[in-house]
Amino acid sequence: MTSLKLSKEVKLKGGEEEYTNDGTVDFYGMPANRANTGKWPAAIMLLLNQGLATLAFFGVGVNLVLFLTRVLHQNNAEAANNVSIWTGTVYIFSLFGAFLSDSYWGRFKSCIIFQGVYVTGLVLLSLVTQLYLIKPKGCGDRTNLCGEHSTMEIRLFYISVYMIALGYGGYQPNIISFGADQFDEHDLREKPSKPAFFSYFYLALNLGSFFSNTVLDYFEDDGMWALGFWASAASAFAGLVLFLGGTAKYRHFRSSGNPITRFSQVIVAASKKWRVEMPENEDALYEGDDESSKTADRKMLHTHGFKFLDKAALITSKELDNEKQSNRNPWRLCPISQVEEVKCILRLLPIWLCTILYSVEFTQMASMFVVQGDAMKTTIGNFRIPAASMSGFDIMSVAIFIFFYRQFFDPLVKKFKKIKGEAQGITQLQRMGIGLSIAGMAMLSAAIVECYRLEYARKDCSQCEGSSSLSIFWQVPQYSLIGASEVFMYVGQLEFFGQQTPDGLKSFGSALCMASISLGNYVSSLLVSIVMKISTSENVSGWIPANLNDGHLDRFYFLLASLTVLDLVAYIACARRYKGMKHGEMIKVSEEDKCDQV
């Protein structure tokens, strides 16, 4: 795609700006026309695309733990671990997708390619399930387990689900950043829409999964796995068609090159000068020209901290001569903006690490909450409620709290603090801390429910329906608290990492949110394995056995709640020390340069 350099405002006769000021271009590489591209018409198509893609993903993921136990004969702990590993892999692939997008493909092309892989994986899963795994016909419900499967059939199953992981994972960080790109933050009319987009994006994600957690979940829980998977494939395909339908409306940013190379140059250049003393005068630091010192269209200003890295921008006499001859070696001398990119990511890492435990708690919704609910009373009269469908209360909680936060909570805090203008009432870091606290409360709620479930459990029951007379609706508080915590934690994360990453690494910023979910799933899997190894002996079946009535799942929830307290203390310490990046003015480019092709 042809890229054009933008900086000066182009005016119409009536005084309205015709083109965006943030450097975005249209599909043909021409400057993005403000009236005909981007804004909410384009963003709404992306929100609908996200809803359909999420419907498809949760159509597979929400009941995967039950599919593994009923169809592939895995026990509860093994199935929960496999789901955690699979979900974690989904979000590890988000880093891969963000890297390709920021470095080479751009967000639009990346979205198309990964959605294509996603649809292919869903179709393959549907075929494998219908033709090979559901044998004998009608198996896979609560009473009829399926027969044995060959190694090849199981391999095909895992190939398909990990194709889904690659497609959905690679697509997610790019669709988030691509949606935010549709709003020009340098325009006062469009700027407030960008944070609103992140809230509505997360709402679309949850509303998309609502159908999966109700209708599809009901059919799959009743043994109609192939039907549920085919519905997911159709939804993902419809989302891809919708995405392509908006091609002419989208605004695009050009890719900014391989960030690994830029980061490595800073580390190598600083290491080569580790013996050189830093002068007190910042004028000795290399600013670079407009092309070498920018990320996207803005320079990053020098900040204090990580002073060792500043040596990468320190100009020695030899480098001064090379610079005069336009012969700069990027592995010995880097512009200060390039150094600040590395500092920015290093400052984000402690905050990011503190969010991983939250994801450990969040992932319990797709594993331990489902297993716990499946061992409770799931019937109202003759109607049975699938355990996984209880996550619908999480979705409703997200929708309610997003509305409550935007319409009441944040305006009330702004009024109390006497904050005027576009600034938010509570900072993104404060929102994330609140979310972590609420998640700890959710674990306490789940632990208390499990204590009562055990009290009303039938000790002689082994994985039978109604193994406890305690109603599954006692899980509503824990699901609702998780939903409330998501509005504070995950929406806050999307805004925070989207705002605090350099302009050329916005997809990477979104991928950091996904990666915290990924590591949370891996940590959850590791934690379950450690707990089972420590708590299991010859006469004791452990905290999370095949028959939960013989275990102590409540102790596992109490453990998570205790770890949350420790994590919250560490998070507060990191958040208080955090310092954001600083940007300079938009880089001015001549009129002639606007017509240059890159």
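Just so you know, glycine gets a Cβ as well, placed from its N, Cα and C.
Small disclaimer: the values here were computed from a predicted structure and weren't measured.
The transmembrane segment feature in TrEMBL is assigned to 40-67 (among others).
Residues or ranges marked as transmembrane segment by TrEMBL: 79-100 (among others). Under 8 Å from some Cβ of the transmembrane segment (79-100) lie the Cβ atoms of residues 61, 64-66, 68-69, 110, 114, 161-162, 164-166, 168-174, 259-260, 363, 366-368, 371, 507-508, 510-511, 514-522, 524-525, 528-529, 544, all in the same chain and six or more residues away from its ends.
Within its own chain, the transmembrane segment (112-134) has Cβ neighbours under 8 Å at 53, 56, 60, 71-72, 97, 105, 140, 146, 149, 153, 156-157, 159-171, 174, 223, 225-226, 229-230, 232-233, 236-237, 239-240, 243-244, counting only residues six or more beyond its boundaries. Residues annotated as transmembrane segment in TrEMBL: 112-134 (among others).
Among the features that TrEMBL reports, transmembrane segment is placed at 197-219 (among others).
Among the features that TrEMBL reports, transmembrane segment is placed at 225-245 (among others).
Residues or ranges marked as transmembrane segment in TrEMBL: 383-408 (among others).
Among the features that TrEMBL reports, transmembrane segment is placed at 429-449 (among others).
Nonlocal intrachain contacts for the transmembrane segment (512-536), taken as residues 6+ away from its ends with a CB within less than 8 angstroms of a stretch CB, comprise 77, 80-81, 84-85, 87-92, 94-95, 169, 172-173, 348, 352, 355-364, 367, 490, 493-494, 497, 501, 542-544, 552, 555-556, 559. TrEMBL lists 512-536 (among others) with the feature transmembrane segment.
What TrEMBL records for 556-574 (among others) is transmembrane segment. Beyond its flanks by at least six residues, the transmembrane segment (556-574) meets 350-351, 354-355, 357-358, 360-361, 364, 368, 432-433, 436-437, 439-440, 443-444, 446-447, 450, 527-528, 531, 543-544 of its own chain at Cβ-Cβ distances under 8 Å.
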Beyond the flanks of the transmembrane segment (40-67) by 6 or more, those residues with Cβ under 8 Å of it: 79-80, 83, 86-87, 115, 118, 122, 125, 140, 161, 164, 168, 171, 175, 178-179, 182-183, 193, 197, 200-201, 204-209, 211-213, 216-217, 220-221, 225, 228-229, 231-233, 235-236, 238-240, 242-243, 245-246, 249-251, 366-367, 370-371, 374, 386-388, 391
